[in-house]
Every structure is written in C-alpha cells, then in structure tokens.
Amino acid sequence: MTDVIDGNAVAADIREGVTECVDVLEDSGVRPGLATVLMSDDPASETYVSMKQRDCEEVGIEGIHVDVDNDAPAQELYDTIESLNDDDAVHGVLVQKPFVDQVDERRVLRTIDPVKDVDAFHPENVGRLVAGDPLFKPCTPHGIQRLLAAADVDPEGKEAVVVGRSDIVGKPMANMLFGRDEGGNATTTVCHSRTADLAEHTRRADIVVAAAGVPEFITGDMLSEGAVVVDVGINRVERNGESTLVGDVAFESAKEKASAITPVPGGVGPMTRAMLLYNTVKAAGLEADVDVPLP
Ligand code: NAD
C-alpha cells in the first residue's frame, strides 16, 4: 500500500504548535507580526498574499499588508522594506514574487533585515544554511523535511535526487538533504534542465523531490520500486476543457511504484504556508528574547 502523505494534516499540527508559540509570546506582551508586500497586479500573487494573511489571522499573528503601485519607481519598494525593517510591530517581512521589471530582485532580497527574513532568501541566510547554521530554513524545503519525518522517512544514508536547482526550492532542499542535521545525511544528486539522462538518476533514488515546474513529467517508469516521491510542482493545465492543478509527478503511475508520495494539491503546498508562520513566531521569539516552544 502506498502511503499518500497528507500535507494538510501535518500542516495543521504545525499551525497548532504555532498558535501555542503565539500564546507564549502574548504572555510576554509580544504580538507577532508578519508584513507582506505586493508590487504587482498579477492575480495569482494577490491570491497568495491574501492566503498568507488569512493564515496569520487563523493562528493569531498580526498580518500587515502593504501594496506598492506596480508603476512606481523601484525605490518606493526598497523604502517600504526599510520602513518595515524599522517597525517594531513587524517580525517578518515577505515581498511576494514575481517582481515587476524595474525592480532588482537581488536588491530586494538584500534589503530585508536578515532577522526578519522569514522566507530565508537574504544572502546571509542562504550562507548560514549552506554553512550548516541556519537562522531560518526556507519554507518549502523545510516543509518537505517535516513531511518526510511525519511519514517516518529518514534520509540518512539514502540516495536522494532533487529535480530542479532554483534558489527557493532545489538548492536549499539539496543542502538540507545532504546536510548533517536531522532530516539530512542523504547522498544527494541535483538534476536540472541540462541533465543528460534524468531517468538514470531518478531510477536509483530512494527519495525523489520533483521541483521543475513541468506538469506530470516524472512518471512511474522513472522511479525505483518503493521510492518516496515528493511533488513540489504546482502547474495549472487544461483538462477536458477545465483548468486544473497538477504536480510535476504523474501521480497515478508514480503511485504504482512509490512506497510514499505527496499529492497535489494537499501535499507540499500547505506545508510551505505553515512553515512561514513557524518562521514568523521564531523571528518574534528571537527579537523579543522569548523562548517559544517551536513545533
Ligand atoms: P524554477 O522555474 O525557478 O526552477 C525550475 C528548475 O527545474 C530549474 O532549476 C530547471 O533547471 C529545472 N528544470 C526545468 N525543466 C526541467 C526538466 N525537464 N528536467 C529537469 N529539470 C528541469 O521553479 P521553482 O520556483 O523551483 O518551482 C518549481 C515548481 O514548484 C513550480 O511548479 C512551482 O510552482 C512549484 N512550487 C511549489 C511550492 C509549494 O509550496 N508547493 C513552492 C515553490 C514552488
């Protein structure tokens, strides 16, 4: 029987733990706050931001949202971030991607105060993760690490293959999988768009993390018997005249081979959202010097 890993259930446990952290902070007179910044009129980005605000409300984090006009000069965005860095009511700052053309993405990431960088994309936080001393772990790979633990999958000594080398998923995921901390110690291969023979790598993997953004391209015949498959992809496709969400993994054929697999939706997505709340209460605890019982 293949274990279909329930990301909604694991994320609900994390959120419950975050709520306890909020209570502990409030007992010390601290109300944790997360600021989201949007400089785009992309409807998907608007949806992502409002979901994050709703998540905050649910666990008792103060959600603060700032819209920056998408025609404004980039400096307005950098100034907005600076003022949130200086705002004591704000413990986490998140600037929603993608960025409009006039904005320098690297400058945005560098402008966020590293201690409020709950996405963990600031070069200092990237460096700390690579050095094995993370302040914050990036939400998607951290969520995946928690999903694997919840499914009793210990990567230690296993062959892990990460498909995708992006800064937000592939690279930090690989670092965490081969790192020395709990949930790491796997022998890790990173595949990408220039990999010559992807299936040759995925077929010898005990754990496959698919994060390429290509709909359903990891099929059962590319997997070893008993593999653990984590599907990060979120792809909108037309099926029978209707728009639907699919992952990077062809779920039905992969399920035939896998011992455990994450579904889309309901797998990695809810974990990414939960780990953002986790990082926010962690940031608030660090800033206020309050020991929070992180879940
Ligand atoms: P990205 O476009 O930045 O990177 C994709 C990576 O995949 C690149 O490194 C590229 O080299 C590699 N790639 C592309 N085509 C490939 C192929 N045919 N074979 C092998 N490698 C290939 O994407 P991203 O931001 O890392 O996101 C990846 C997917 O995950 C997207 O579908 C995105 O929507 C989704 N995503 C989901 C969550 C979540 O919470 N579930 C979070 C972030 C991203």
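If you go along the chain as it appears here, the first residue is 1 and each next one adds 1.
Cβ atoms here come from the backbone N, Cα and C positions, even for glycine.
All annotation found in TrEMBL is predicted automatically rather than curated by experts.
If you look up TrEMBL, you'll see G164, R165, S166, I234 marked as NADP(+) binding site. Annotation source TrEMBL lists domain 'Tetrahydrofolate dehydrogenase/cyclohydrolase catalytic' at 5-119. If you look up TrEMBL, you'll see 138-284 marked as domain 'Tetrahydrofolate dehydrogenase/cyclohydrolase NAD(P)-binding'.
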Could you say whether, by DSSP, G164 (NADP(+) binding site) belongs to a helix, a strand or a coil region?
coil
Report the largest Cα to Cα distance, in Å and rounded to a whole number, among the residues G164, R165, S166, I234 that the record lists as binding NADP(+).
16
Once near-sequence residues are set aside, which residues in the chain of S166 (NADP(+) binding site), 6 or more away, have Cβ atoms under 8 Å from its Cβ?
A211
Across the domain 'Tetrahydrofolate dehydrogenase/cyclohydrolase NAD(P)-binding' (138-284), what is the average pLDDT of the model, as a whole number?
98
When you measure from the Cβ of G164 (NADP(+) binding site), how many other Cβ atoms are you left with inside 10 Å?
23
